[in-house]
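What TrEMBL annotates here:
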type	residues	note
DOMAIN	A:20-241	domain 'MacB-like periplasmic core'
DOMAIN	A:288-402	domain 'ABC3 transporter permease C-terminal'
DOMAIN	A:681-792	domain 'ABC3 transporter permease C-terminal'
TRANSMEM	A:21-41	transmembrane segment
TRANSMEM	A:282-305	transmembrane segment
TRANSMEM	A:329-356	transmembrane segment
TRANSMEM	A:376-400	transmembrane segment
TRANSMEM	A:421-444	transmembrane segment
TRANSMEM	A:678-702	transmembrane segment
TRANSMEM	A:714-742	transmembrane segment
TRANSMEM	A:762-784	transmembrane segment
Amino acid sequence: MIRNYLKTAWRNLVQNKTTSFISMAGLAVGICSFLLLATYLTNELRYDRFNTNAGRISRLTFSYKSADDKEVNTTALTPTAPVPVFKQQLADIEDGVRVVNYSNMRAAVVQFGDKLFKEKKMLVADASFFKIFTFKFLSGNPATALANSTSIVLTASTAEKYFGDEDAMGKILKVDQKNSMIVTGVIEDVPEYSQIKFDMMGSYAMMPRSLNLAWSSSNDYSYILLKPGANREAVAKQMTDYINKDRPASGGKMWFGLEPLTRVHLYSTAGKGLEPSGNIKYVYILGFVAIVLLVLACVNFLNLVTARSAERAKEIGVRKVMGAMRGQLFVQFIAEAGIITLFSLIAGVLLLSALLPVFSNFTGQQLSLQTWNPEWLILALVTLFVVVTLLAGTYPSLYLSAFKPIVTLKGGSSMQAGGNMLRKSLVVFQFVVSVFFIISTIIAGNQLRYIQSLNTGINRDQVLVLDLGGMGYNQIESFKGEIGQQTGVLGSTASYDSPVNVGGGYSINTAEGKNADFNLSVTAIPVEKSFTKTLGIKLIAGNDLDLGDEQQVMDTSADKRRYSFILNEAAVKGMGWKPEQAIGKKIGLNGRMGTIKAVAKDFNFASLHEEITPIVMFPEYDWFGKLLVKTSGKNTANTIAAIASKWHKFYPNSPFEYHFLDQEFDAMYKTDQRTGGILTAFTVVTILISCLGLFGLAVFSTRQRIKEIGIRKVLGAGVASIAGLISFDFIKLVLIAIVISSPLAWFAMNKWLQDFAFRVSIQWWVFVLAGGMAALIAFLTVGYQSIKAALSNPVKSLRSE
Amino acid sequence: MLSLQHISKYYQVGGNKNFVVNDISLDVDEGEFVSIMGPSGSGKSTLLNIIGMLDEPNDGYHYFVNQPVHQLKEKQRAALYKQYIGFVFQAYHLIDELTVYENIETPLIYQDVKGSERKAMVADMLDRFQIVGKKDLFPAQLSGGQQQLVGIARALIAKPKLLLADEPTGNLNSKQGEEIMELFRKLNKEDGVTIIQVTHSEKNAEYGSRIINLLDGRVESSRKF
């Protein structure tokens, strides 16, 4: 019996090539999209779970709020003391490790023989690192690999970069020209889905600060391994109690938190971590998109099958007359749906494996079929097969198998009322989704363009960023002098950090006219005199830093040293002053005493997701990580070549590397842009699938109305009026969809925009544009069918038998 | 073999009942060959459909091989139908996607006949109707007469006791029609199949052993030969 069903199903498919192709293509695209997103989400969700101890590891966060702060500051950076102290004091802690991003500010310069590389991913960690985290050792002993201050562990590809095929163990690498490190282990490359990524891992003992246990200066990432069964919250509370008891904060509050390792990537709100984190919101959004796409494809399939019911009606009638029971017919149609699903699934998986590399590229994630656990993939495919077959096949099967043979065999219309409403609702549903996506894509695009074009108060245009490999003041000055003479270089300035994403928590703890316990948390950045000029930061009061200010801080005797500060508007406001009042006021920034020399107009020194907070710029010369070179933008390649040749003259032992400030800025919105891109791609898919559905309904409905059309033609209706009549029926559905969709999209996108402190407002024209697009697309889809129906010969349609 | 008593079928139009079949009583014995005649709209096809259990009357009693059809549940009725009745249509109603062979085989599938047995039965039937050479063709590749032959073969494959034919020659030319009628006569005489046919043609009606004339849903006349 099954063979007979399959045979009929197969011949039906072959005979109706167009509709079969449309329904299979729609389903295949839907399945492929679903699997693409599922692969992406699987990757996001498997972050860090490869660690055997994943369930027991937490990342330590540190929160503080000084008396004059408006908000709590939470950071994932912690001081040196907590890990060793708590490990000793708290019974529930099994182990702990401090991890430092050694190459955070500037890449480590690593040398082996004549091989010289800048390493941007060098970490250092306590010896317990490889006991707590699970990284596979190819050689070396995890327990002792980081035991000495000279130990270094390399990943396989790093080892190959330096030593080729030779055994890396025991070889000596020179790091930053001062540390000789002995390779004590080689591990497999760190998986892309680890929040701790590195190419080389040194020992924490190499850091000078490892010698003292401090509770201030947060620069380490700390991970705690709890004993089995220990309560995370309780341990965090013990830590907080401990610090508040022994080190009462002056008027402020501080506390510790423990984030489960597996939640850090998607849920952490503790600011900058070792790696840029994902966002659980996007996981939900994309998960929702995946399911919606799959449902859309099924709905589409369902619509197309019922649309073809007129052709199947006779067959159903005959089968019933020959003794087929409803149940048998139901099974037959489900089997047909199953065959189409199977083909679509195969096509979808083929499409998936073809598109995964492209998608990986697009999303910046390493995605492949290997992202899946094989058993899970098979389970997912089988589930998908069953779910799609049932979802897409049940309704048509019930609908078709219920046909009354008498009605269908009399050759009359086989359409039974009732199904119509459902089909129309489904098309409305499809278009609600499409319009929703169109609106969302337009708004997301607007916001992303807005970020690009927003005047952030810093002129990022054509600014080159060079890593300064620990140069001194004089060296920097002469290098700047040299490159300043190159054509195309308009100016240059050194600073501690990149101006588009400044980290560094300081506080203003003394100030003229304020109480002794005054404390305002600020961001601060050591700069030099040309900083504001080179970056186009506007001053609204006071004068820019000059050579005198620089020389003042160079004074070797600490008590004669005087600082000149530039505060931004937000900082001045935080102090309770007007810009003009602030000039000349004496303040102290973590012990640096000096006066306010200028007030800068607010500029964005962090992600546009955040409001502009107080920032202080001050000259200080031991801490320059970056050199910013403003170029004219004309003949940039030549300019860069000229700078490079000067660099090699000054720093024969350090490779020349650069990037543009704009790139750095864009990188901060990678997640947003990625989501925007994904949204756009799937909007196209949604529209495509919805159009297939609408096309199906158009075919169905024109066939149903063929008699009406015939009569109208006999009565003298023209082609245009009939085509208009039919088209309008569908446009009506799209209009309904627009009305339903617009508020939903407005609500959702408003919510998304809340994440940006700097955002576009949602304009009414977005809805008009999206609606217009949907209506136009719908019209083009339906138009052909309408015109075809309008052109048909009434003699044919009115002949009854 | 079957007995209809006071069978009516009507449609409610506004407040009025619009009768298609109006209080018809009819008995058909095993081995009879009945022709039902009458003008368009006289209710012939509806009556045939009621006899064939494809349609349900609004009133009346319907007995088939001594079973009260009007009291049976859908499933029982279907079982009865499957076992005893074969249907032939004016428009042949073959399944376009199936070959001649498969079309003939289909009723057996629904009766859960085993594969090997099916093969033998279909081969027999193809032989008997001399269409072995056409067994792998699709309906669209056959002439009208050949299609109707397949239709009849299909109706007979499950060895029904009653063959119902709704204008079986309506779409055929006179020569093809004559052949079909000869076949019916032979089936009736030699195989003892009870046949009820609806026809417009006086000539075809005379192949039967009884002619019933319908007018406006009532039996106008009935004559036996």
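Counting begins at 1 with the first residue displayed.
Using the three backbone atoms N, Cα and C, a Cβ is placed for every residue, glycine included.
Annotations in TrEMBL come from automatic prediction, not curation.
Under the criterion of 3 or more C-beta pairs below 8 Å, with sequence separation of 6 or more, the transmembrane segment (A:329-356) and the transmembrane segment (A:21-41) qualify as touching. If you look at the transmembrane segment (A:762-784), the same-chain residues 6 or more away from its ends with a CB under 8 A from one of its CBs are 431, 434-435, 438-439, 442-443, 446, 687, 691, 694-695, 698, 723, 726-727, 730-731, 733-735, 737-738, 742, 745-746, 749-750, 753.
Recorded stretches compared: A:282-305, A:376-400, A:678-702; the one with the most Cβ pairs under 8 Å to the transmembrane segment (A:21-41) is A:282-305.
Long-range Cβ contacts of the transmembrane segment (A:376-400) within its own chain (Cβ-Cβ under 8 Å, at least 6 residues beyond either end) map to 27, 31, 34-35, 38, 42, 294-295, 297-299, 301-302, 305-306, 309, 312, 316, 329-330, 333-334, 336-338, 340-342, 344-345, 349, 369, 419, 422. Counted with DSSP, the domain 'ABC3 transporter permease C-terminal' (A:288-402) comes out as 102 helix, 0 strand, 13 coil.
Tertiary proximity for the transmembrane segment (A:282-305) is limited to same-chain residues at least six positions away from its ends with a CB under 8 Å from its CB atoms, namely 19, 22-23, 26-27, 29-31, 33-34, 37-38, 40-41, 44-45, 266, 333, 337, 340, 384, 388, 391-393, 395-396, 400, 423, 426-427, 429-430, 433, 671, 675, 678-679, 682, 685-686, 689-690, 692-693, 696-697, 700. Long-range Cβ contacts of the transmembrane segment (A:678-702) within its own chain (Cβ-Cβ under 8 Å, at least 6 residues beyond either end) map to 19, 22-23, 25-26, 29-30, 33, 37, 40, 286, 289, 292-293, 296-297, 299-300, 303-304, 306-310, 362-363, 423-424, 426-427, 430-431, 433-434, 437-438, 440-441, 444-445, 709, 726, 729-730, 774, 777-778, 781-782, 785-786, 788-789. The DSSP breakdown of the domain 'ABC3 transporter permease C-terminal' (A:681-792) into helical (H, G, I), extended (E, B) and coil residues amounts to 96 helix, 0 strand, 16 coil.
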